Amino acid sequence: MKLCVLVPGLVPGLVLVLALVLTVCVARSPYQAVLQHSRIRGRQQGPNVCAMQQIKGTDKKYFTNCKQWYHRKVCGKPTVITYECCPGYEKIPGEKGCPAALPLVNIYNTLGVVGASTTQMYSERAKLREEVEGPGSFTFFAPSNEAWAALPMEILDALVSNVNIELLNALHYHMVNRRLTSEELRHGSSFASMYQDLHVHIHHYSNGVVTVNCARLIKPDQHATNGIVHVVDRVITAISNDVNTLIDVDDDLETLRTAIAAAGLTPMLESEGQYTIFAPTNEAFEKIPQETLNRILGDPVALRDLLNYHILKQMQCAESVVSGTPMETLQGSVLEVGCDGDQMTLNGKAIITKKDQLGTNGVIHYINELLIPDSAKTLLELAEGSPVTTATKLFVEAGLSPHLMGSEALTMLAPQNDAFKGSLTMSPDMRRLMTNHMLKETLSSKSLYHGQELETLGGLKLRVFVYRNNLCIENACIAAHDKTGRYAAMFTVDKVLTPPMGTIMDVLKADDRFSVLVGAIQTAGMTELLNQQRALTFFAPTNDAFNTLPRAELNKLLRNQQELSVMLRLHLGEGMLVSGGVGSHTRVKPLQGEKLELGVRNYTVYVNKVPVADADLMATNGVVHAVGSIIRPLPLKVDREQADGPAAPLRSDSSSRVLESRSFRNDDLFQKVVRSRSSRTMSQ
């Protein structure tokens, strides 16, 4: 147990905060932490009052944790705060709160005062009263009145008709022949019941919920002279089979049973453990296209991944779930296990048809949809589940389906839908472009490094650029987490790839917008520089940019080799910086001058306050960004916060193989930063 000391003389307003801190320090279990939180929240109502969250329109109540207190929701449904006596206390007429400890009486009489009067009645009918009134020390997991009322009538009739032995056996299964407080009901423990020593199984959860055989303890720790009563929210039944046996005997799980045997998982499901199995029914398997199902069933690796994706590493009863929580599967991925009212959900979908089928080594929840993890999918299946439908259609039209559905080691660069502009028709050039969006090996973005070259199916070499705010392959930057399939991987990128097609000089000569610039470069004697194999970023003035100059000034400039060289070198930055690598205060060192300062405003890149008209014209020795005005040096001023810059020029040595941790831009926050920076710049 942790201990905390409160220092006297502190500000009175901090009392509640310190009390909550103390709660965390001294709590011995998640349940105790939640209980103490409820006591603190109920303190203003008087001593020993607990704040409870009650789901509107139901009788379901929960001791309140911090998240529930502020969100006022359980399983997505609104709650109201109610106040009642904490366990072990009662009200006294005319006094505030619950100042009196409940008088200790035997278990039989305790049942009558804690909301388990139906259990008390059945105890008498089953001739159990004498036992729970007499000597001994027992723990009684007593079903609430509502729990008995929720039993199907045929089951209840079978239990209570003619006061038969079944009712006594059922009640004895709810009892343990020793006193066990909630603290002693440790997570994962089991205790021999008083019915043929069959065990009851206990689980504690981080949100404070405690279950016995998946029934939630709704009023724990009700002490009696001869034991203790824990009121539970359902009638529990004896279990003697492991989860594999439960699957074996259910005809609705016949396909699952066959798949488990084929994957060699039977020994695991027969062993000791605490598993949660989301068991796909025969109907769930039938919903999958036969071709896909046959492929997975015939592939031992994919089949094992598929089945392990339906199994959690820990036992998760339905009553323990009060909000969505990611939980790791045996396959290694996570499932979002949540709830919507009374329905348990997976990844936000209410596909669970039967809950809490308990075995000795786990629990089974039936689902009517098959969950296919990425690791069992082809490239085409990965793409179909992502926002890249336009790219997927073009890959298929380009005749790349055999690669998308095959077993090659590939990585697909899939542009987001909004990366495509205008009408799209399949042509030889488009087919070649889509082929160059397929890389010849299975990659992880975490293993990419600056300067790395990647070969495409079309035979081109693409370069990797690592920036502080982005990771890019040529002009296309990674916009989402990787998806790794059975054989291949998919990177979602923000732009359609523009592979390099010649040197910077070749790019300029091939574009009529730069005819004046090409002549200026030749006059300045810089043609060789722009054909060299190096890494440059050229903010290239268009013809319109030159034409904004007064005619006399332009003519003078174009005839002066030295002035042209100085001006053009200010437009040339060291290193390669694509538009996706520009942050809010990016600096580039030009070949002439102190610096170029870049930023982004309204999705447009600016360099020294000049907007880039057309970005990311990729060359083998750099990148060209077209600008519509001649760039001037910025006036001298105090340097602001050091900003992102382009990575150093490409190197082939191993020291360049360092991948900085990257983060993807939060556009809303990013735009706020950009607007803030812009307003500061304009005011200076």
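The backbone N, Cα and C atoms fix where each Cβ goes, glycine too.
Here TrEMBL flags 1-27 as signal peptide. Under the heading domain 'EMI', TrEMBL lists 46-100. Residues or ranges marked as domain 'FAS1' by TrEMBL: 101-236, 240-371, 375-497, 501-631.
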Sort the residues of the domain 'EMI' (46-100) into helix, strand and coil with DSSP and give the three counts.
6 helix, 24 strand, 25 coil
Take the domain 'FAS1' (501-631) and average the pLDDT across it for me.
94
Over the span of the domain 'FAS1' (501-631), count residues by DSSP class, listing helix, strand and coil in order.
50 helix, 39 strand, 42 coil
